[in-house]
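Colleague: The following block contains the structure, expressed as structure tokens.
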Amino acid sequence: MNLKEEIDRLKKEKNAVILAHYYQEAEIQEIADYVGDSLGLSQQAEKVEADIIVFAGVHFMAETAKILNPSKKVLLPDLNAGCSLADSCPPEAFRQFIEQYPDHTVVTYINCSAAVKAMTDIVCTSSNAVKVIESIPKDQSIIFAPDKNLGKYLCHVTGREMVLWDGSCIVHEAFSIDKLLVLLKEHPDAKIIAHPESEEHILKTASYIGSTAGMLNCVKQNPEQKYIVATEAGILYEMRKEVPDAVLIPAPAKEDNTCACSECAYMKVNTLQKLYDCLLHEAPEIKLSEELRQQALIPINRMLKLSI
Ligand code: 13P
Ligand code: SF4
């Protein structure tokens, strides 16, 4: 069986679209109707008119799609596609945390559960985090969760002091600063571009810091440049497609990492076979209570209004 042809056939038969994150396997990105970063995917999900959304990404992304477009059936090829960052912020612990800071505005990174979003004033992604923080009046104190690395970066860029939740992404914390500096010596003409989920010492070496879509644009604007790319290695597929002549080197991971570069094991649990199976059986499906969906929608909509 040709899986790609079968997925295409099922997609037409069932009136489905495939939305995929840049960190998905290349073969999944190839068959997707839209490939993007967290913000782009949310904006697309909201607009989908087809009956079924197959979300080739991780759980919080598919959940966000369901929150934004509840009349659609949202499928995730493997429910094990979680996220270390979202997992680092259990809703009950977060509730207790924010109760300690009653007068604070609560900002959460989109990489969290619907239950955490429901306790949030405004959501952000790596594309619009600076804008979101700057939209909050200066005399207003802020809690930022769950990513402490993005949080520290935002404190630095905006000059705001924020109370940070102690969460992180295992993938973006896997970069080795020692190996990165050795690599830079070998390629002194290379520029480092990094995702803000990376640790402070990695971000200090970067000449551009931004979301996956932002990094892609950066490379497209100056394709003659040589780049060391500090984010999940899946983005290299789209970068190489868009800018085939650019020299792109994945930032090296620490010794104990399972992969020489940084790959998100959660993103990579999705496969073409699982995508086919989930379209065929219309499962696993993302479901959440209407009450929770409506609560989580408010802070997401606030973010989307700021991101037009
Ligand atoms: P963006 O898609 O906003 O760049 O975030 C990356 C990420 O880690 C998604 O899980
Ligand atoms: Fe979560 Fe990190 Fe994987 Fe993104 S790369 S899905 S933040 S574990």
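FYI, residue positions are counted from 1 along the chain as it appears here.
Backbone N, Cα and C atoms are what each Cβ position is placed from, and that goes for glycine too.
Feature annotation from TrEMBL assigns iminosuccinate binding site to His21, Ser38, Tyr109, Ile110, Asn111, Ser126, His195, Pro196, Glu197, Thr212. Annotation comment: TrEMBL describes Cys83, Cys169, Cys264 as [4Fe-4S] cluster binding site.
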Colleague: Write out the long-range same-chain contacts of His21 (iminosuccinate binding site), meaning residues 6 or more apart in sequence whose Cβ is under 8 Å from its Cβ.
Modeller: Val35, Gly36, Asp37, Ser38, Leu41, Ala56, Gly57, Val58, Met61, Thr212, Gly234, Met267
Colleague: Spatially, which candidate from the binding-site residues Tyr109, Asn111, His195, Glu197 is nearest to Cys83 ([4Fe-4S] cluster binding site), comparing Cα atoms?
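Modeller: Nearest by Cα distance to Cys83 ([4Fe-4S] cluster binding site): Asn111.
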Colleague: Output: those binding-site residues from His21, Cys83, Cys169, Cys264 whose CB lies less than 6 Å from an atom of ligand 2, in sequence order; none if no residue fits.
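Modeller: If the test is a Cβ under 6 Å from any atom of ligand 2, the answer is Cys83, Cys169, Cys264.
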Colleague: Taking the residues His21, Ser38, Tyr109, Ile110, Asn111, Ser126, His195, Pro196, Glu197, Thr212 listed for iminosuccinate, what is the greatest CA to CA distance in Å, to the nearest whole number?
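Modeller: In whole numbers, the farthest two Cα atoms are 17 Å apart.
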Colleague: Per DSSP, to which secondary structure element type does Tyr109 (iminosuccinate binding site) belong, with helix, strand and coil as the options?
Modeller: strand
Colleague: Compared by Cα position, which of the binding-site residues Asn111, His195, Glu197 is the closest one to Cys169 ([4Fe-4S] cluster binding site)?
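Modeller: That would be Glu197, the closest of Asn111, His195, Glu197 to Cys169 ([4Fe-4S] cluster binding site).
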Colleague: Name the secondary structure element type, per DSSP in three states, that contains His21 (iminosuccinate binding site).
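Modeller: The residue in question, His21 (iminosuccinate binding site), is strand (DSSP, three-state).
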